[in-house]
Amino acid sequence: MKWLVILGLVALSDCLVMIPLTKVKSVRESLREKGLLKNFLKEHPYNMIQNLLSKNSSHVQKFSYQPLRNYLDMVYVGNISIGTPPQQFSVVFDTGSSDLWVPSIYCKSKACVTHRSFNPSHSSTFHDRGKSIKLEYGSGKMSGFLGQDTVRIGQLTSTGQAFGLSKEETGKAFEHAIFDGILGLAYPSIAIKGTTTVIDNLKKQDQISEPVFAFYLSSDKEEGSVVMFGGVDKKYYKGDLKWVPLTQTSYWQIALDRITCRGRVIGCPRGCQAIVDTGTSMLHGPSKAVAKIHSLIKHFEKEYVVPCNARKALPDIVFTINNVDYPVPAQAYIRKYVVPCNARKALPDIVFTINNVDYPVPAQAYIRKNANNNRCYSTFEDIMDTLNQREIWILGDVFLRLYFTVYDEGQNRIGLAQAT
C-alpha cells in the first residue's frame with residue numbers, strides 16, 4: 001500500500017497516521033428520544049451563520065469566544081490523550097473550530113459530571129498559562145482557563161500544546177453529548193490568541209511532513225470512519241482528488257457554483273459560499289433555498305410533505321370532545337421536514353457544483369430514517385439569513401459521507417473524491 005503526501009504526491013511509509021472514529025448517537029437524537037428536543041429548540045434559538053461570520057469580534061481582552069456551528073449533530077468521535085501519564089478523552093475532530101478543549105476536575109456542572117475530566121495535578125508536564133477563556137455556544141457556554149501539556153493523537157505527539165479546560169459548562173447539549181471535548185482543525189486566525197493549533201504544532205515538531213489531514217466518514221452505524229494526518233490512503237476514495245481553492249483562511253470555506261435538481265437551478269443561482277464542516281451533521285442553507293428544495297421534494301413524492309413556511313398560514317384543526325374544543329395549531333401537526341420513507345426511491349439527486357465539478361447527493365443520503373419511530377426526515381435544514389444577505393451553505397456529514405475530503409492547510413485548498 002502506498003501512502004501519498006498531498007503536496008508533492010511523494011510516497012511515504014511512516015508519516016501518515018490514521019485515527020479511527022466512531023459514529024455515535026447525536027445530541028439531537030438523544031434529546032428527541034427523551035422528548036426534550038422541542039423544548040430545547042425553543043429555549044435555545046440559534047443563528048449558526050451569524051455566529052460564523054462574527055468570529056473576529058470574539059476575542060475581547062483576556063477572553064476568547066468561539067462559536068460551535070452545529071450544536072446538536074456532532075456524531076463522529078475519536079480518542080486522544082492529554083498529560084503525563086496520559087489521561088484519555090473522546091473528542092470531536094472538528095474542521096469548524098480551531099481550539100482544543102476538555103472538561104477539568106474543577107468543573108462541577110452537570111455536563112462535566114457525566115464526562116471524563118482532566119486533572120492537572122496528575123500530569124507532570126502540565127503548565128497553567130494563566131489565561132481565562134470563555135467559549136460561547138448557541139446552546140450554552142463553557143468558561144475555564146488555558147493550559148498546555150503533551151497531547152497524543154494515535155502515534156502523534158504534540159508537546160507544549162495549548163488547550164482549554166472548562167470550569168463551568170451550561171446547556172443541555174453538553175449534558176447529553178457523547179463526546180468529552182472538541183479538537184479544532186480550522187485555521188489559526190480563529191484560534192485563541194497566543195496559541196498554536198494542534199495541526200500547526202504537529203507540523204512544527206516534525207510529527208507530520210505537511211499540514212494536511214483527511215476524513216473518511218463511513219455510512220456504517222458505528223465503525224469504519226477515520227481521520228488521517230500527514231497524507232492520505234487511496235483505498236478510501238475512487239478516481240482522482242479534485243482540488244478546490246479556499247476563499248478565505250479561517251474556516252474551510254470554498255466557492256459553490258450552484259445547486260441543481262434534474263438540471264434546474266434550485267439554489268446558489270449566482271454562485272455563493274460553502275463551509276465544509278465535519279462538526280455539522282446536516283446540509284444547512286438559507287431558509288428560502290431550503291424551502292424551495294422541500295417544495296421540490298413535495299412535488300416529486302406527491303404527498304405528506306408541507307413546506308415549513310406554510311405552517312403560519314395553515315388553520316388550527318379542532319378536536320371537539322364532550323362539547324369542548326381542543327385546537328391543534330399547524331405548528332404542532334406539521335412536523336419539520338418529515339418525508340415518507342418509501343419516497344426516497346423516487347426522489348432525484350440534488351447536485352452541488354463546486355469548481356465546475358458536479359457532486360450529486362442522492363435521496364438515500366439527504367433523506368434520513370429515524371430508527372426509533374421509522375419516520376424519515378430531510379437532512380436539509382434552514383438557517384437564519386444573515387444581515388448582509390450573503391448566501392452561505394454548510395456541507396456537513398451528509399455530504400462528507402459521500403466524498404472523501406482532504407484539508408491542505410499548506411496550499412489553502414480542499415480535495416474531494418468519491419468515497420469508497
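Numbering starts at 1 and runs along the chain as it is shown here.
Note that Cβ sites are derived from N, Cα and C of the backbone, with glycine treated the same way.
Note that the structure is predicted; figures quoted are calculated from it, not measured.
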What is the disulfide partner of Cys341 among Cys272, Cys376, as given in Swiss-Prot?
Cys376
Could you state the CA-to-CA distance between Cys268 (disulfide bond) and Asn79 (N-linked glycosylation site) to the nearest Å?
37
Between Cys376 (disulfide bond) and Asp277 (active site), the C-alpha gap once rounded to whole angstrom:
23
So what's the mean pLDDT when you look at the domain 'Peptidase A1' (76-417)?
86
Specify the nearest of the recorded positions Cys107, Cys112, Cys272, Asp277, Cys341 to Asp94 (active site), where nearness means the distance between Cα atoms.
Asp277
Return the single residue from the disulfide-bonded residues list (Cys107, Cys341) that has the minimum number of other CB atoms within 10 Å.
Cys341
For Cys112 (disulfide bond), nearby residues of its own chain (Cβ under 8 Å, 6 or more apart in sequence):
Pro103, Ser104, Ser166, Glu169
